[in-house]
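Taking it in order: structure first as structure tokens, then the write-up.
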Amino acid sequence: MPDSTPPDSSAFRSLNPNPFNDAQDVKNWIREQALALGFADCGFIGVNHPVFSQQMQGLRDWLAAGHYGQLNFMELNHDKRANPGLLVEGSRTIISVRMDYLEATPKPRRIEDNHRPNHAIIARYARGRDYHKTMRSRLKQLAQKIETMLPQWQHLDVNADQPFVFRPFSDSAPIFERPLADAAGLGWTGKHTLLLNKQSGSFFVLGELFLSLALPDDSPVTAHCGSCTACIDICPTKAIIGPYKLKADACISYLTIEHDGVIDEKYRRAIGNRVFGCDDCQLICPWNRYAKLSPIDDFLARHNLDDSLLIELWQWSEQIFLDKTQGSPIRRTGYVNFLRNLAIGIGNAPYTADNITALESRLGTLGDVLDEHIRWAITEQLTKAN
Ligand code: B12
Ligand code: SF4
Ligand code: SF4
């Protein structure tokens, strides 16, 4: 009787030295490499995909509604947003990647820290190394691995015989990153406007590798928000003004990271002790029960930033701020704006005489904007003293 056992794959490879039969094999190989580099997933779409032109009307409506505060860069480069191929001459395909960032800390998870009013809450993506660098260096490694394979893909209709062009991006160019990841099947757009999926929730960042290979598009996944409105209901500043509609200039992430100068008093109590970014609409989302911890050490919290008191950070000199935020996204907000955010947090903390003393110690040292927030915080503290 003949042996009907199929040959194992290594035996198959020795019979067929080039196992790439079509573009799907190429995509499968690239995906394996992406996962090995620490990406949680990847998807493929062409630079001419209709999603880009479709997004333009939504962007124009959002700009016309004036929801963008000081995010003036959103008004620029609309030609490149609509035609991302203009960003990288010769590019044909965008590999959209996502990277989980919840830190795999040996300490207990700090999901409860909104209930620790004397602590400074820093958004989870920002507690370790700046993800932009981590993301782009790994995307470059992915491109280099791909380049070594081009000779094996010459017989396929994937443009492998043309000069190889690539460029990595992550939050670094006028690209509709979330809509393209949605179109490439990495998840669906939640009512909070972030991308999420059933396997790992939304605690991930996005990046793209543009390249000259021509690979077929992936398909979007089905949305699973259903009748849930938890993210809309929990938002402390009511920045999610309707499903999929974010008034960015009311979002705590915008106010504490992007906004320079005075923060409108109407938002200060709602900001609470969130001193850099905000995770509330994600923490409440039921799909984040499935959020995965990151395999990447870069996201481990540095300098105890997942467990610091407001008052400890308030004591940082500018030099300490610069030293401790080296390579961190927190640098972005600048020392004075960071103190401004901390002043709001201390104002919102339970009253102590030490809080008043600490606030007063900085009055008159770093300009009118900070002074105005300090005075507000002292008034808030005194209101709670009696
Ligand atoms: C500007 C910006 C911000 C602004 C505005 C956010 C926003 N939602 O627009 C501020 C500073 C507030 C912000 C905050 C945050 N951000 Co941000 N941000 C960006 C940035 C640079 C551009 C986003 C953009 O184009 N906004 C413009 C508006 C018009 O786009 P939109 O909300 O997608 O609007 C569309 C929808 O409303 C859609 N629409 C309307 N109706 C409907 C209906 C349906 C069914 C659908 C599907 C769509 C839809 O049409 C609109 C037009 O396109 C991207 C990076 C990038 N280059 O893409 C990161 C990005 C979106 N941010 C990111 C992150 C992590 C955050 C924060 C979580 C950080 C934090 N912890 O503090 C918060 C989350 C706040 C929130 N709920 O969105 C990640 C999101 C990752 C993910 N899982 O999706 C990104 C992709 C950066 C990255 N490379 O990873 N961000
Ligand atoms: S990040 Fe915070 S403030 Fe911004 S939409 Fe989400 S819950 Fe609201
Ligand atoms: S909280 Fe509910 S509505 Fe919001 S993104 Fe998650 S599932 Fe969707």
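Here, residue 1 is simply the first one shown, and the rest follow in order.
Cβ atoms here come from the backbone N, Cα and C positions, even for glycine.
According to TrEMBL, the active site, proton donor annotation covers Asp171. Counting every protein chain shown, the number of other Cβ atoms lying within 10 Å of the Cβ of Asp171 (active site, proton donor) is 15.
Positions annotated as cob(II)alamin binding site by TrEMBL: Arg81, Asp171, Thr189, Leu195, Leu206, Ser253, Cys278, Asp279. The DSSP secondary structure for Asp171 (active site, proton donor) is coil.
Taking Cβ-Cβ distances under 8 Å and a sequence separation of 6 or more, the neighbours of Cys285 ([4Fe-4S] cluster 1 binding site) in its chain are Gly190, His192, Leu196, Gly201, Ser202, Ala230, Cys231. Per TrEMBL, the feature [4Fe-4S] cluster 1 binding site maps to Cys225, Cys228, Cys231, Cys285.
The feature [4Fe-4S] cluster 2 binding site is assigned by TrEMBL to Cys235, Cys251, Cys278, Cys281. Within 10 Å of the C-beta of Cys278 (cob(II)alamin binding site) we count 26 further C-beta atoms, all protein chains included.
Within the model, the domain '4Fe-4S ferredoxin-type' (216-245) shows a mean pLDDT value of 98, rounded to a whole number. Annotation comment: TrEMBL describes 216-245 as domain '4Fe-4S ferredoxin-type'.
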Q) Tell me, which recorded positions from Asp171, Cys225, Cys228 are within 10 Å of Cys278 (cob(II)alamin binding site) if we use the C-alpha atoms? A) none
(Q) Can you work out which residues elsewhere in the same chain, 6+ from the ends of the domain '4Fe-4S ferredoxin-type' (216-245), have a Cβ less than 8 Å from its Cβ atoms? (A) 23-24, 27, 43-46, 49, 182-185, 187-193, 197-198, 251-252, 254-255, 267, 270-272, 274, 278, 280-287
Q: Using CB under 6 Å from any atom of ligand 3, narrow the binding-site residues Thr189, Cys235, Ser253, Cys278, Asp279 to the ones that qualify.
A: none
Q. Going by C-alpha distance, which of the binding-site residues Leu195, Leu206, Cys235, Cys251, Asp279 is nearest to Cys225 ([4Fe-4S] cluster 1 binding site)?
A. Leu195
Q: State, in Å as a whole number, the widest CA to CA span among the cob(II)alamin-binding residues Arg81, Asp171, Thr189, Leu195, Leu206, Ser253, Cys278, Asp279 given in the record.
A: 27
